[in-house]
Amino acid sequence: MHKYQTHWVEHSIVKILSSTGKKHIALMAGGMSAEREVSLVSSEGVSKALIELGYRVTFIDMGADIAVRLQEIKPDIVFNCLHGTYGEDGGLPGLLNIMRIPYTHSGVLSSALAFDKIHSRIWFLTNNINMAESIVVNKSDNIKNDPMKRPYVIKPLTQGSSIGVEVIFAEDDFNFADYDFPYGDQVIIEQYIKGRELQVAVLNGKALGALEIKLLKNRFYDYETKYTAGFADHLCPAPLPANLYEKLLIESEKIYKTMNCKGPARAEFILEEQTNKLYALEINTHPGMMSLSIVPEIAAYAGINFTNLIEEIIKTASFES
């Protein structure tokens, strides 16, 4: 098994972090996905903020018995700090809808759409959101040569944090026939767009601002670059002409609203160098809440400190009937 693959865990781990408070929050983190460690680190700051805000907090590292554990602890709200499979893909929201427990972040359909790169792409294009050319390749296709003219990007269908993403440049010693499909039997092959990496934080339908990511070491914004200090600079606000900056925010709000997202989200774009054309990459319905994370940074620029950001997210908690 690849170290980043989903792994099955039978029992949840439950820890009481604060036994008194105005409401009982179950902070859901960890879990069984490839992004487990990112989720756990994100939850550290969230738990401190929740306690500071006066909530009773129970931490749950989610396992397969999660429904039973939720029945036992009876939270008023679930703060969904999970990333990846089961938490970000609509699985947990579906369970919480059945149990009628209010939860933060997006619901079943929005989460599932955003998590699956094929279906989110169809949704984007249907709503006239510009994207790079791409094709879907199945393992059973047994493709021996490059499926697209280089440079191109290989993306697993349902991984976040750039896990499994590879950029194949013209000079790379890479044979597609040797690609082992480590994250499932399908991948998206996407045209590589050379340009500026732009990220927008959206909260409750309103774009808070945008930043630009300047790579310092690696060739693209991969897992290592995202979570290692010194691998990238964040320019906040993104140094763009006013009209282009405004367009970026409007496009992000459009994506958020057409997908019926809830709470926080992060929209990702590439601004092509030669044409100044915006290409949407994805929308992330479970953006990280770590010290290096983008949404808290943009929120701070917009005048919302981390604790207040968590409070605003809590206010959106609901279930779908």
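Numbers run from 1 along the shown chain.
Every residue gets a Cβ built from N, Cα and C, even glycine.
What Swiss-Prot records for this protein:
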DOMAIN    121-315  domain 'ATP-grasp'
BINDING   147-199  ATP binding site
BINDING   E268, E282  Mg(2+) 1 binding site
BINDING   E282, N284  Mg(2+) 2 binding site
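When the neighbouring Cβ atoms lying within 10 Å are counted for each of the binding-site residues (N175, N284), the highest count belongs to N284. DSSP gives I189 (ATP binding site) a strand state. Look at I168 (ATP binding site): DSSP puts it in a strand. Applying an 8 A CB threshold to same-chain residues 6+ apart, the list for P147 (ATP binding site) reads I135, V137, F176, I189.
I168 (ATP binding site) sits 24 Å from N284 (Mg(2+) 2 binding site), taking the Cα positions as reference.
For E282 (Mg(2+) 1 binding site), the same-chain residues 6+ apart in sequence whose C-beta sits under 8 angstroms from its C-beta are A114, K117, S120, A267, E268.
Each residue contributes its Cα atom, and for P182 (ATP binding site) and N284 (Mg(2+) 2 binding site) these two points are 22 Å apart.
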